Amino acid sequence: MGTAGNGKRAAAGGVALVALAVWLLPEMAHAQLRVGFYDTSCPNAEALVRQAVAAAFARDAGIAAGLIRLHFHDCFVRGCDGSVLLTVNPSGGKTERDAAPNNPSLRGFEVIDAAKAAVERSCPRTVSCADIVAFAARDSIALTGSVSYQVPAGRRDGRVSNANDTVDLPPPTSTAKNLTDLFAAKNLSVEDMVVLSGAHTVGRSFCNSFVNRVWDQSATPPKAIVDAGLSASYAALLRALCPSNTSQTTPITTAMDPGTPNVLDNNYYKLLPRGMGLFFSDNQLRVDSAMAALVSSFAANEALWKQKFAAAMVKMGRIQVQTGTCGEVRLNCGVVNPTSSAEAVVELVGSNTPAAGEGGVATS
């Protein structure tokens with residue numbers, strides 16, 4: 001009886017220790033991200049990324065918006081693990097990069113590759129692609145909005161990328177509730193969501209993301225419409241730009257902020273009350289009273305919005321990160337490293353760890 005009792009107590013203790021370890025993992029991952037992570041191992045890492053982004057920006061100012069969006073799309077699917085960069089899914093099937101929310105609209109991959117090549121020449125096998133994406137987004141924000149902030153680093157790269165997982169990305173047709181729920185699932189608040197939506201002040205969008213606001217494509221022939229909350233004159237401009245037969249492959253784009261398309265400012269919030277939010281989801285920020293109050297606040301105070309935007313980007317950059325021995329540091333951002341059986345075990349353990357908290361451990 002004594003032996004059995006001891007065995008039960010030992011088993012119970014083991015279960016408790018495992019439960020405690022799982023409970024602590026998100027906080028441990030959160031703590032392992034830190035500013036200056038590469039100060040010793042690769043002291044010029046951030047400077048090299050900054051140089052690659054600046055060179056690309058000099059050729060095409062629009063690339064900055066692409067790099068900001070790339071970070072968002074990486075973090076919202078399987079966490080900030082560089083999975084959006086993968087061109088091949090090791091388990092077969094389409095990658096995130098090839099999914100409809102990302103293809104053909106997502107851009108900036110060549111800038112990340114250039115930055116990675118520069119970093120690898122200086123510090124081989126040291127700096128993750130996920131961190132490079134976070135640095136590049138920060139540098140793009142500095143170039144377009146004169147906003148500077150420090151990026152906690154130490155992310156590891158994931159080994160999984162599935163197109164189906166992009167359901168976590170908020171589509172341009174999202175309602176206020178959809179937006180609230182999708183951001184809450186990533187431990188981001190309503191305020192975080194409204195703040196981060198301000199990134200729509202830079203960049204361009206394909207017609208397919210908003211065509212249903214100006215054309216009823218279910219009618220034969222398609223009928224001109226003006227969606228609720230959309231200015232009639234703005235709708236007419238969009239309709240003249242986007243043909244009634246617009247589809248996923250239609251290559252036409254328009255600036256999301258026609259006034260200052262390459263400047264990260266608070267103009268997005270000023271356009272919303274004028275019926276010039278490009279997406280249905282943009283107009284939803286006017287429909288919800290709490291969101292509308294935030295829109296008014298940011299429209300009136302650009303400095304406040306920029307301060308909160310920098311903080312929200314840092315918070316977003318902690319979503320479901322892999323740190324320590326989870327994941328890997330990819331040699332090529334587009335493909336996973338060849339894995340040994342030991343590495344595969346580490347990845348499997350990481351993939352079965354439930355995500356929780358702002359810095360939760362990734363599920364890939």
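Each Cβ is built from the backbone N, Cα and C atoms, and glycine gets one as well.
Annotation source TrEMBL lists active site, proton acceptor at HIS73.
Annotation source TrEMBL lists Ca(2+) 1 binding site at ASP74, VAL77, GLY79, ASP81, SER83, GLU96.
A C-beta separation below 8 Å, combined with a sequence spacing of at least six in one chain, links PRO170 (substrate binding site) to PHE76, ASN178, LEU179, LEU182, PHE183, SER281. Among the features that TrEMBL reports, substrate binding site is placed at PRO170.
Sequence annotations record features per position, and here TrEMBL assigns heme b binding site to HIS200. The Cβ of HIS200 (heme b binding site) lies under 8 Å from the Cβ of MET256, ASP257, TYR268, LEU278, PHE279, ASP282, each of which sits 6+ residues away along the same chain.
The feature Ca(2+) 2 binding site is assigned by TrEMBL to THR201, ASP257, THR260, ASP265. Using a 10 Å Cβ-Cβ cutoff, ASP257 (Ca(2+) 2 binding site) registers 24 neighbours.
Residues or ranges marked as disulfide bond in TrEMBL: CYS42-CYS123 (among others). CYS42 (disulfide bond) counts 18 other C-beta atoms within 10 Å of its own C-beta, drawing on all protein chains shown.
The annotation disulfide bond is assigned in TrEMBL to CYS75-CYS80 (among others).
Positions annotated as disulfide bond by TrEMBL: CYS129-CYS333 (among others).
Listed in sequence order, the residues of the same chain lying 6 or more apart from CYS207 (disulfide bond) and placing their CB within less than 8 Å of its CB are LEU238, LEU241, CYS242, PRO243, THR246, THR250, ILE252, THR253, THR254. Marked as disulfide bond by TrEMBL: CYS207-CYS242 (among others).
The feature domain 'Plant heme peroxidase family profile' is assigned by TrEMBL to 32-337. Here the domain 'Plant heme peroxidase family profile' (32-337) returns a mean pLDDT of 97 for the predicted model.
Look at TrEMBL and you will find 1-31 tagged as signal peptide.
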**OP:** With ASP74 (Ca(2+) 1 binding site) as the reference Cα, tell me which of the recorded positions CYS80, CYS129, THR260, ASP265, CYS333 is the closest one.
**Re:** CYS80
**OP:** Provide, as an integer number of angstrom, the distance between the C-alpha atoms of HIS73 (active site, proton acceptor) and GLU96 (Ca(2+) 1 binding site).
**Re:** 9
Original post:
Just the number: how many Å between the Cα atoms of CYS75 (disulfide bond) and CYS123 (disulfide bond)?
Top reply: 25
Original post:
In the same chain, outside THR201, ASP257, THR260, ASP265, whose C-beta lies within 8 angstroms of the Cβ mean position for the Ca(2+) 2 site?
Top reply: VAL202, GLY259, PRO261, VAL263, LEU264, ASN266, ASN267, TYR268
Subject >> From binding-site residues VAL77, ASP81, SER83, the one whose Cα lies nearest CYS123 (disulfide bond) >> reply: ASP81
Original post:
In sequence order, which same-chain residues at least six apart have a C-beta under 8 angstroms from CYS333 (disulfide bond)?
Top reply: GLY82, LEU85, PHE109, ILE112, ASP113, LYS116, CYS129, ILE132, ASP157
